[in-house]
Amino acid sequence: MKYVKAFVSEISWDCSWYCSAMQERRNEDRQKEEEERILQANNRRFNSLFEYPDNSIKTSKYGFFNFLPMNLFEQFQRLANAYFLILLFLQLVPQISSLAWYTTVIPLIVVLSITGVKDAIDDVKRHRSDQQINNRSVSILVNGRVEEIKWRNVQVGDIIKLENNHPVTADMLLLSSSEPYGLTYIETADLDGETNLKVKQAISVTSAMEDNLELLSSFNGEVRCDPPNNKLDKFSGTLSYLGNTYLLNHERLLLRGCVIRNTDWCYGLVVYTGQDTKLMQNSGRSTFKRTHIDHLMNVLVVWIFMFLGGMCFLLSIGHGIWENSRGYYFQAFLPWKHYITSSATSSALIFWSYFIVLNTMVPISLYVSVEIIRLGNSYYINWDRKMFYAPKNMPAQARTTTLNEELGQVQYVFSDKTGTLTENVMIFNKCSINGKTYGYSYDDNGEYVPKSPKDKVDFSYNHLADPKFSFYDKTLVEAVKSEDPLVYLFFLCLSLCHTVMSEEKVEGELVYQAQSPDEGALVTATRNFGFVFCSRTPETITVIEMGKIRVYRLLAILDFSNERKRMSVIVRTPEDRVMLFCKGADTIIYELLHPSCASLSEVTMDHLDDFASEGLRTLMVAYRELDKAYFQTWIKKHGEAWLTLENRERKLALVYEEIERDLMLLGATAIEDKLQRGVPETIVTLSKAKIKIWVLTGDKQETAVNIAYSCRIFKDEMDGVFMVEGTDRETVLEELRTARKKMKPESLLESDPINMYLARKPKMPFKSLDEVANGNYGLVISGYSLAYALEGSLEFELLRTACMCKGVVCCRMTPLQKAQVVDLVKRYKKVVTLAIGDGANDISMIKAAHIGVGISNQEGMQATLSSDFSFCQFHFLQRLLLVHGRLSYNRMCKFLSYFFYKNFAFTLVHFWYAFFNGFSAQTVYDIWFITFYNLIYTSLPVLGLSLFEKDVNETWSLCYPELYEPGQHNLYFNKKEFVKCLLHGIYNSFVLFFVPMGTVFNSERNDGKDISDFQSFSLLVQTTLIGVMTMQIALRTTSWTMINHTFTWGSLGLYFCILILLCSDGLCLRYPSIFNFLGVARNSLSQPQIWLCLILSTILCMIPLIGYNFLRPLLWPINADKVLNRIHFCLKHPIPTQVQTKIKHPSLRRSAYAFSHKQGFGALITSGKTLKSSALAKSKRFL
């Protein structure tokens, strides 16, 4: 039977998947044929010959004309719907039809209509989201003038114009820009998660055209380049123009998903559009997501089919035996039909007749009821005011209505870093200068007090201060004003030692272009404290120091590298002193200090430990005054190393080390890589709920690790954090095995051969068993090492090692690698996964996970459009999972348990009745009762239970994350629970048949007339059944609302109203062939034994459920039962107000600004390519 699930999973695919797969197949076929892309600028006619796709994106499933056939085709993929369609055809065969055709048609039409309307509403929302992106405007060059067109209409070969802060419309070749040398600054946070500005440069032949529309319009260059691919950092091709050929690489290409920054305008030639862009190539395949409960229901429906077939077979055999033993006595007045020649023939026909009679074993309203429940729970998410983000006026949004209960079963969360855990904001928080810390708030008595707005330093005395900058320690301002020499050197170092460039976008307004966000924060801080970096040239740096312009001659920039983890500048002061200023990682600078700084360095290191314990990013600042003669000797060595062709970088590093020694320590800085509000608390809470969190980011390793410590994914109390940094397969394998051996020495070094064989067959029902480590560990792996670890032979090693860790950080990842990691856990762990991110680079993992969550940000909506749920802040995730997810799962499980039970109890009465009617496929109930049972009589109470049930207050759900655990292990509804429902239904059907049978057998009314007729018996059974079902739903409800009362007791009352109507003289006399229970209700319900039967049957049916609910928590309790008992005890006291406890960060890890810096930017500065005119003239304008 374990293979049936896999079989049913294969069956449950839908047409949207099929259509999208066919479209992707056509795209793949076209790309295989396209070995080289060829296009001409400004020549749509030529480019149209290649049938390149347009620039639109599509996430919707249906169109206006194909909605009805596609939606019906999709709905009939569900086994139950297909079953009832087949059943309808069977009912049209008179030889076997035992029920009227409308008993199936009416419910089937209602079910299909409700689901169709819901699907249509969902798809309209997707259409609107697509239009929001596709209908954005962009400027395009047409016949020598700039025109506005929609994004969807952009074609390959068009020349488009982008301005500052505009998103890039399509992958395009940069032609020219407003910046010198055709440079353009871009932000790629949506692609790789990095907030650093990056520089792209146009080739010289096109950058000379600048914004000359005549030249750009006449440009007819031909580009030959790679066909569409998903490699973000790879692009090669040639540009043929005016008889010359120019080489192209990825430095010339602007990718869709980037945002233009600090560049007034730029022009680009569109190379890839729509689905061909590298962003969309990395977005992964769209799949129709179904929950684990959906797959389980398909398996259970197959079980029901098998059980139904078995019963029909037994009943048909019983019919054959009965016909041979007793049936011939009845043939005198009820002869066989002409098409029945023997008892075997009759048995064969009876098989199908019972197949129709017992059809309610497969509940026709199951799927539509599930959809209604999911829709209702989705609205709870949309309406949740506690997930509403007021600054952006954005509520949480359930973008799909099919995954709500899956939110209550998540075991792995895969999170992006930039923009998801962090706010993309770096803030100068604290510093240490000459052994004294600044940045804490103190009262008049010198006692530490929390920061408050009233303690904010007033920088109004400095007209060049950045109004957005905040600082809360006035003593630092006083130290600056008192002209303390070391404080002066500290801020002078920060204002000179950087690669920031300044720009005056509006006259008198200074704007910084920071290649590293850390540097931007530092330079902004020095600006507010009176040391204003104003401008630079290749030879000078101009600083306004406390209102005075000072020009420093730039002698050398000792550039950053990953190995050096520091940078230095050498300048000549106006007083003709040669000074070296250096800043970098504390562990590096510490080794370069002069021995006289020993005591100061120890104090500063203590301060750095304090800063790091708060999760701040730290670095050290130092200087050295150089002897002029020594410097002249050194600069010659530097020049020789610079001109070397072989091992230039190595030789430059040695020259740098020669002069970066005997440094004098100035102090240290602490920058807050600002986490979103509540991130550490959320992660701690989710960890208590046994949810593992992996960070998948494109950012650098040190930055990612630092954030992992800040948000409590990694903790100091861990037994170790393993770094997998291998650059070849063997090294990566060895590092993974070494880590696993340390975590669990008895763990097999060699993977189980059987598991390895099954691992290569993902379609097999295979699950990797959990291995528990002997301690708490973390794992860090880079994208380069991940490329080897994700190979077929190593991926299982990676999975085993990573899943033994409490936290995992994967850095320097491509979007495709993110999806591969998520898929790896999905395939082998068989758990529910959730991916959360905010950028276009997160789309692939959002699509790959069972549940995709998009963080809505100001820059882009790509991740949100591809997500299943969206909101604005990461800390809303705990509410989404622990409140909405848990409740949705609990409600769905209660619904399914009751739904299957009530259908079994209802249907199996026919089984017992067969033994008393000669196995003739006659029904116990009135035909209208069969039609209305699932649609009217029992639908509203169970919907009320499924939409309003709440076992505990939402505050308790957040206070006790352990309540989430049953959903992770699928304890509340599984195959075992289904069997219990079946047994419960069998028992109840037995009671519901034989107790009324005993009541009416040989019974008389008060007037002496017999009441043991079929119609009276039928009415008694169905009335008893409705009474029992009402009490069952009441017993299962723990949270009563007015709606629950109305639905539960109102449905009972509605049954009696309809019963009286159907038995009324008006209907029965006018339509006797349809309504044939004339006066039965009036006569039967007036008898006391009928009501005594109802009470007795209800008590007998309720006893097992009451006993089980009482004994199970006592004899077989789970952790959630113990927590619930604790909560029920605490309910005697007021419900606690949930307070987010401030998490302290005891981590002693420190990371420097250099980790988010890009090597080689110093050389770009000294080349002068990034610089504009007259630095001194510009500086004077700020005085």
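We number each residue from 1, going along the chain as drawn.
Glycine too: its Cβ is placed from the backbone N, Cα and C atoms.
Keep in mind that what you see is a predicted model, and the values were worked out from it rather than measured.
Swiss-Prot lists 96-116, 299-319, 348-368, 904-924, 927-947, 981-1001, 1014-1034, 1049-1069, 1090-1110 with the feature transmembrane segment, giving sequence analysis as the kind of evidence. If you look up Swiss-Prot, you'll see D416, T418, D838, D842 marked as Mg(2+) binding site, on the strength of similarity to another entry. Under the heading ATP binding site, Swiss-Prot lists D416, K417, T418, E519, F560, K583, R617, T697, G698, D699, R812, K818, N841, D842, citing similarity to another entry as support. According to Swiss-Prot, the feature active site, 4-aspartylphosphate intermediate maps to D416, an assignment based on similarity to another entry.
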**OP:** Determine whether the transmembrane segment (1049-1069) and the transmembrane segment (981-1001) share at least three Cβ pairs under 8 Å, counting only pairs 6 or more apart in sequence.
**Re:** no
**OP:** For the binding-site residues T418, N841, work out the Cβ neighbour count at 10 Å and name the residue with the minimum.
**Re:** T418
Original post:
Out of D416, T418, D838, D842, which of these binding-site residues is nearest F560 (ATP binding site) by C-alpha distance?
Top reply: T418
Subject >> Long-range environment of the transmembrane segment (981-1001) - Cβ separation under 8 angstroms, sequence gap at least 6 >> reply: 307, 897, 900-909, 911-913, 916, 924, 1011-1012, 1016-1017, 1020-1021, 1024-1025, 1028, 1089-1090, 1092-1093, 1096-1097, 1100-1101, 1104-1105
Original post:
According to DSSP, which kind of secondary structure is N841 (ATP binding site) found in, if we only use helix, strand and coil?
Top reply: helix
Original post:
Same-chain Cβ contacts of the transmembrane segment (1090-1110) under 8 Å, 6 or more residues past its ends?
Top reply: 905, 984, 987-988, 991-992, 995-996, 999, 1020, 1023-1024, 1027-1028, 1031-1032, 1035, 1084
Subject >> Distance check against G698 (ATP binding site) for the binding-site residues D416, T418, D838, keeping those with Cα within 10 Å >> reply: D416, T418
Subject >> Neighbour tally for D842 (Mg(2+) binding site), based on other Cβ positions within 10 Å of its Cβ >> reply: 36
Original post:
Roughly how many angstrom lie between the C-alpha atoms of N841 (ATP binding site) and D416 (Mg(2+) binding site)?
Top reply: 9
Original post:
If you skip the near sequence neighbours and keep only those at least six away, which residues in the chain come within under 8 angstroms of R812 (ATP binding site), Cβ to Cβ?
Top reply: G698, D699, K700, Q701, S782, G783, Y784
**OP:** Run through the Cβ atoms and count how many others sit within 10 Å of the one on D838 (Mg(2+) binding site).
**Re:** 31
Original post:
Looking only at Cβ atoms, how many others are within 10 Å of the one on F560 (ATP binding site)?
Top reply: 25
Original post:
How many Å lie between the Cα of D842 (Mg(2+) binding site) and the Cα of R617 (ATP binding site)?
Top reply: 25
**OP:** Look up G698 (ATP binding site) in the DSSP assignment and report helix, strand or coil.
**Re:** coil
